[in-house]
Every structure is written in C-alpha cells, then in structure tokens.
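A.B. asks: Take a look at this one; I'll ask things after.
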Amino acid sequence: MEPKTKKQRSLYIPYAGPVLLEFPLLNKGSAFSMEERRNFNLLGLLPEVVETIEEQAERAWIQYQGFKTEIDKHIYLRNIQDTNETLFYRLVNNHLDEMMPVIYTPTVGAACERFSEIYRRSRGVFISYQNRHNMDDILQNVPNHNIKVIVVTDGERILGLGDQGIGGMGIPIGKLSLYTACGGISPAYTLPVVLDVGTNNQQLLNDPLYMGWRNPRITDDEYYEFVDEFIQAVKQRWPDVLLQFEDFAQKNAMPLLNRYRNEICSFNDDIQGTAAVTVGTLIAASRAAGGQLSEKKIVFLGAGSAGCGIAEMIIAQTQREGLSEEAARQKVFMVDRFGLLTDKMPNLLPFQTKLVQKRENLSDWDTDSDVLSLLDVVRNVKPDILIGVSGQTGLFTEEIIREMHKHCPRPIVMPLSNPTSRVEATPQDIIAWTEGNALVATGSPFNPVVWKDKIYPIAQCNNAFIFPGIGLGVIASGASRITDEMLMSASEMLAQYSPLVLNGEGLVLPELKDIQKVSRAIAFAVGKMAQQQGVAVKTSAEALQQAIDDNFWHAEYRDYRRTSI
C-alpha cells in the first residue's frame, strides 16, 4: 500500500543565522523562503533567488556528473550529506541506480581505505578504548535525543578488505544512508558508531594521517568488556533502539550476536541480513523454475559466519517447506579453505559443527583425496545452487562451473563476495561457461551481460532489499527483539516481489526504483510477525500500516517557525 500524502506540520526551530546554515538536518540552503530568511536572520547570507528542492537537486546532479572517478563522486555526495541532508536524500532518490554503488558498495570500500585522507567533517560517534570510562558522557554528547537505529562497527572486517581501523566508519554511515533512502527512516533517528579498539593494519599504524588510536587491537576479555560497556551505555541512553552490528570479524560476530540479540533489539546484517536476502532470492529463483528450495542441493564456498548464517536460514526455510531437519542439512555442503566440512575435520568453529557432512556417507565419492575440494564436491554432489562467500577472487573456475552445468541445465550461481575485486567469478564468465543458462546473482553491482547477442540482466543480491524494511518494521511496530521468524517473513515478502516470479522474465530481484515499495511491504510483514511472536504489541493491520506511513520520512523541506531554546 502506498503512503497517503498529507501536509507536513511546521517545525519550530531555535537556531538562526549561520548556525542554522551549519545544521545539516535543518539547512535548506537557497530554498529558505523570504519569510524564513527574515525570521531566522538569514537575509544577505544566501543568494537572492529562492529555489525549490528539485532545482537544487538538478544543480547538484550537474555538479556530480562533472566528477570523473567514483571516489570523487562519493566525496562530493558525502559533502552534501554533511551540509544539507534533505537535499542529499532527494538527489540520491532521484538517481538511486547511479548513486547507490557510490554511497555504498563497492565505492565505500575505497572510502574506508582512504578515510583519514579524505576526512572532511565529523559524522557519528567515535568511541576509543582510551575513552572507555567516559562512555555515558560520549553518548550524552549526541545532539539527537530520539535515536532509533544505530549501526556500529569495530572496523576489523570491512567488506573483503580486512582491518581498516576507524576507516570502517564509512560502513555505518553508508548503511544508515540506505536505511533512509530505501526504508524511509528519518536521518534524525540514525547514528553511526565506530568502536576504536586499535588496529593491526601496519599500514595504518605507520600512516601519519591516520586518525584512530595507534595501538594493536585489544582482544579477549578486554575487548568483550569494552563492547559490553558500550551496549549497557546504549541501553541506558536509548533503551528502545535498534542496534545493527556491522563488519565485525568472524571470531567476534557470532558471539556478540548470540550474547546480545535477546538483551537489546539487535541483529547482524552480515550474518542475518545477507542470509535473508539470499534466501529470498533463492525462494524466488526456485519458484520461477517451477519448484521449491527444498528440492535443491546447495554448495557453499566460504564457511565463515556469513556463509553459515545463510546456510542455517536455508535449512530453516526448507524445513518450512516440509523437510525434516536431518534431510534439510543433508542438502547443504560447506567448503572452506581446508575443503568440505566433515565430522572428521579438527578445529571447527562452534557455528560450523551443525553444518558438517558425515564422512562415512561420502565413501562412494569419486575422489582419491583426503581433502575434498570445491571441484570434488561439485563433481559428486551435482548441486543446483553454488554460493560464494569466500572473499577470494576467481575461485569459481571455468572447470568448476562447467562441471556444475553438466548435471544442472539451469544452475543458480551466486558469487556474493564484496567488493567487486573479491568476487569468486564475474557474471560474464559464468554466463559464457554455462552457454547462457545460469541464473546469476552477485553481491556487488554488475552491468548486464551481453552474450551471443542476448542481454542477461544481473541481479544484485543486495542487503538493502532487506535491512531498511526490517528497520522500518521494527520502528513502526515497536518490536523489542528481532526473531528468526521476522527475518524469514522478510525473505518471503522479498520473493513475492521478484519480477521473474511475477512476470516469468526479468530480474530475480526487484529493480531499485521499487525498493521503497518493497521496503514498506517487508516492514509490514516484519511488524506483523513481531506481533505474532509476542515481541510487539498487537494491533490491527490498519493500525500497523498507519504506523509505517507515519514513520516513513520523505526528502521534502518543511516550513519553519521561530522559537526560543
């Protein structure tokens, strides 16, 4: 359901003059009316012409097109965001296809690597280990009192780029930009946070421009105590906030999620968001082929927290479709750098143990090796689906893809690693190696592939189709927790919007132009499931929809009235 348009109420503003122009959430620039210029001491501080936001956006678009590199475009957009947030979101929404890869992946990776070099203006909160005893004071310094969504990172596993120290702040900033652009969550309600626990990146430690704490990363009890101090301070300041963990290292991501998901409304997008969008994509792809996900055999390359999170959600979905847990697990094969995960493999991580295959069941496999490689697994399993979350480029070789295609006429291949420099195989190669028969979805954006005069659109398995809707649903319903069932409901709703399912052709995922509509639908599904699960107060469907409408922010200027502080 589309939101009903209604007249925005005036805002009462205590700021005036140059201070108002320096306030990104309130600044209108040349769009201040003459009455507002008189009332807020702005006469003479702006050019004579009063512009509309669309006129401002057109000028910004022309300026944007003058930049030749993606990183320069990113810097330009961030500058607009830090001076006039309403204009920033109007511009981004006008050109979402073009600008999403610039404000987030893949360009945000380069922005994180060069964070200290391209730093212009502070945004968000930097909490260093050195300041751990001032945690409450730091959060009290945040001027926005009604924070509803926090994205926090410690910068240790930024995309596929590894330890970027405080440069990882680029990820929470970018992620929250998508919460607003795609999910309609007001930027006034969002807060990016980086926990500066040091860095083990020697290049950063040696960089005279590096702005973070120059110290090796704290670990073990020191680390977990510091994170706990942060969580407790957040609960004290904003007890109802949604906290998203982002780009934490594998060794910390799952323990933190398991420890806090029932203590504060929280989730890990790398684990749960990636799983939800992947499962939604697979549900849609399976339905488009006239079947169910439970009928497919699936091989993973990459058995870290993200890969295992996807696998567990696939298993949950196939159980919903009628499989027993044992049968569901027998259809999922996890391969890491040491080969196929089996019950005979030493040093497994806790979250890997339920995803092993019994070695005794593999005795008839066609291989002489003790280490079962990806090629061995593909040759013997004959999978329908191949998913890459390895963070290593080129591991889906021609031999592997052709071997898969031998036994599967319409293979589903999903190289999900970010950024594009880490993708397991390019869509161009996958399409060519399968004679145009593969259905391909990637983690990073790729242009359509032209092969033998036919155009193949490439779906981006983008978490932005999931997490903004989850955030909006949590806020609108007042959910106190994010349950697995809420995530599954998001996946199911995403699959329902697949053009391939709806029309029998096109992308397996919706187009970006429809992302706000999809986010609103996911928000309703998530909110409804939260009520059914008892983590949100039950209301009528109409009341939930109204709450979604009321909380959906639009990039439009409001009239200002003067008031005192």
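The backbone N, Cα and C atoms fix where each Cβ goes, and this holds for glycine too.
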A.B. asks: Looking at divalent metal cation binding as recorded in Swiss-Prot, which candidate out of D221, D228, D270 goes with E246, D247?
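C.D. replies: Looking at D221, D228, D270, the one Swiss-Prot places in the divalent metal cation site next to E246, D247 is D270.
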A.B. asks: Give the three-state DSSP assignment (helix, strand or coil) for R157 (NAD(+) binding site).
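C.D. replies: SS state of R157 (NAD(+) binding site) = coil.
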A.B. asks: Other than R157, D270, N418 themselves, what residues in this chain have Cβ atoms within 8 Å of the centroid of the NAD(+) site's Cβ atoms?
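C.D. replies: So the extra residues in range turn out to be I158, L159, G160, D247, A306, G391.
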A.B. asks: Pull out the recorded positions from the set Y104, K175, E246, D247 whose C-alpha sits within 10 Å of the C-alpha of D270 (NAD(+) binding site).
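C.D. replies: Close recorded positions: E246, D247.
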A.B. asks: Applying the rule Cβ within 8 Å of the centroid of the Cβ atoms of E246, D247, D270, what extra residues of the same chain belong around the divalent metal cation site?
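C.D. replies: So the additional residues around the site are T153, R157, I158, I171, F245, F248, A253, N268, D269.
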A.B. asks: Should any of the recorded positions R157, K175, D247 have a Cα within 10 Å of the Cα of Y104 (active site, proton donor), which are they?
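C.D. replies: Of R157, K175, D247, within range: K175.
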